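**Q** From Swiss-Prot, for reference:
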CARBOHYD  Asn41  N-linked glycosylation site
CARBOHYD  Asn125  N-linked glycosylation site
TOPO_DOM  1-14  topological domain 'Cytoplasmic'
TOPO_DOM  34-187  topological domain 'Lumenal'
TRANSMEM  15-33  transmembrane segment
Amino acid sequence: MLSSLSPYMANPRNTLSQVLNFGLVLSSAFMVWKTLSVITNSTSPVVVVLSGSMEPAFQRGDLLFLWNRSPRVDVGEIVVYNVQGKDIPIVHRVMRVFPDVPTTGGKDVESVEASQKLLTKGDNNLSDDTELYAPGQEFLDRKTDLMGSVRGYVPAIGYVTIMLSEHPWLKSVLLGFMGLMVMLQRE
């Protein structure tokens, strides 16, 4: 077993360089993600459409770019939101905007900013999303539930992530292949 590692032990500088290059790639990707998060004011500035509920506007596997710096959302706008207690982003269209209702949360009503309340629906769905919301929730809160509004998309490119989540063995194969490429890379 140790004999297979001998080419890497013979030149530790080269091995260290490869490990550092791999770390640089990972940290650069993380920095780009965090920079996009700060610029767009969204915890997830890029999402993949996971279902066909927004067809024909967006197909399953489309990659969406979000923006969450607009103070208000309009009827007809396509938004991405998280349901309380679930971690799956949902992409749907705003069907109705309710009047702003200030929620005090134990503070003075005068010092509390009102948050927009929204009702959403998938273009390909028959009814609104109230069944998808958390139990007892009748609408979405703009500040707490929304991840952002869709500002752009790339068709079908996100299908890779769907394949990786539906077929876990593909993830192992891909990670193994990437690790092998890093180890066999010669500079």
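Quick reminder: no glycine exception, Cβ is built from N, Cα and C everywhere.
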**Q** Provide the number of Cβ atoms within 10 Å of the Cβ of Asn41 (N-linked glycosylation site), excluding the reference atom itself.
**A** 14
**Q** Take every residue in the topological domain 'Cytoplasmic' (1-14), average their pLDDT values, and give the whole-number result.
**A** 65
